[in-house]
């Protein structure tokens, strides 16, 4: 087949995909690390507006993957979708960098260019996000795919770590146009995105590219709509069927119906998952306040990624374990926060309930040692590695060949809804910090119990074996029943009792 990396069974093409992902993540996180400061100091927005735009941009980046997935699976294919949307991504970075040059127009021009650039970046990064992961999975057979997703996730974290270190240095230490050089700080991520695009195109001759199978989105929507209409009008007069989608059997193939069932089963499992990302996003927001915390979190994550994985349990059980680790991390954070509050009680004013400085004196630092934060970082990163990498691989392995990008986008939507939960709970509740931590931990434990119960009713499938099963039965049926052709294009199957239980 394709060329292999020396001494391994991994295709050489994944080197281009992993380097592309590293550069793209460097580009995205390097730009995003400066956004809030850029809004406040350069565009002169107030803090509330800056925070709102920042979260709106982050949410858009995780809602647009569904658009890229639909383009990839129904129209252009993953390879062309990644290239075209990467070009949009590069244009967005260039527009954003030009908007940060003081000599280009006035304040209104800077705002317009900045917003246009952010919108293009959101569509670019969101659009390619599900396609790159699924396209990388296409290069592998089953036995090596899980290791690839670990390497893929490590490249994401390596790019984000380096970018959050380098781009703030470029902004603060390099002066241009008489102030902080935002144009250079945004220009470097733009250059890295150009490198990502060039590297990805350079490997085009080595990639395994699965052929498109028509406009699958339109076919799925029509099938679901026909099933609902058919059930509504005929359910009162005909025997009950095992699944509501089976009402589409008169017009659509059993294979398509079975594939839609596979996707819907996985999407139902995703319903409780945003709670994990709500906790993780909350932890990251707290970490951004201290550079030490950021380095600690990334270091723990890289250690977990590089260490051998001791857990050999099924993917859904591993994801539930990751949720438990995340809840324990917030439990540890609650204890540390309570310790800090207790230590500060000595300076409380009993009448006002507020902390008052009665006198100024030098005190010993680290009454609550910063090392007490390490356990929570180790727990949250262990949970993230078990949850996120497993979720990526699970989303790919359980999706039909023609809907892999769509299911990857569904996985990424859980991140977007997690950010929404943070805004609703954290901003709306107005609780003390330790109470907020305890609330999130309790919510995640409850969600973990619900998710664990749901997984008991899930049956793992092998889409490749399912496809062979339908093709073989289709061929036999065609040979034996040439005189019994149907008016529609159904894939004929006489035995469907086992469904997806392969």
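The backbone N, Cα and C atoms fix where each Cβ goes, and this holds for glycine too.
As recorded in TrEMBL, the features of this protein are as follows:
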- 26-45: transmembrane segment (TRANSMEM)
- 51-71: transmembrane segment (TRANSMEM)
- 83-105: transmembrane segment (TRANSMEM)
- 111-136: transmembrane segment (TRANSMEM)
- 148-170: transmembrane segment (TRANSMEM)
- 182-203: transmembrane segment (TRANSMEM)
- 262-280: transmembrane segment (TRANSMEM)
- 320-342: transmembrane segment (TRANSMEM)
- 406-426: transmembrane segment (TRANSMEM)
- 438-461: transmembrane segment (TRANSMEM)
- 480-493: compositional bias 'Basic and acidic residues' (COMPBIAS)
- 480-502: region 'Disordered' (REGION)
Surrounding residues of the transmembrane segment (406-426) on its own chain - C-beta under 8 Å, 6+ positions past either end: 55, 58-59, 62-63, 65-66, 68-70, 73, 126, 129-131, 133-134, 216-217, 263, 266-267, 270, 273-278, 280-282, 285, 391-392, 395-396, 398-399, 436, 439-440, 443
Leading contact stretch, 111-136, 148-170, 262-280, 320-342 vs the transmembrane segment (26-45) - CB distance under 8 Å: 148-170
The transmembrane segment (320-342) versus listed stretches 51-71, 111-136, 148-170, 262-280, 438-461: most Cβ pairs under 8 Å: 438-461
Listed stretch, out of 51-71, 111-136, 438-461, that has the most CB pairs under 8 angstroms to the transmembrane segment (262-280): 438-461
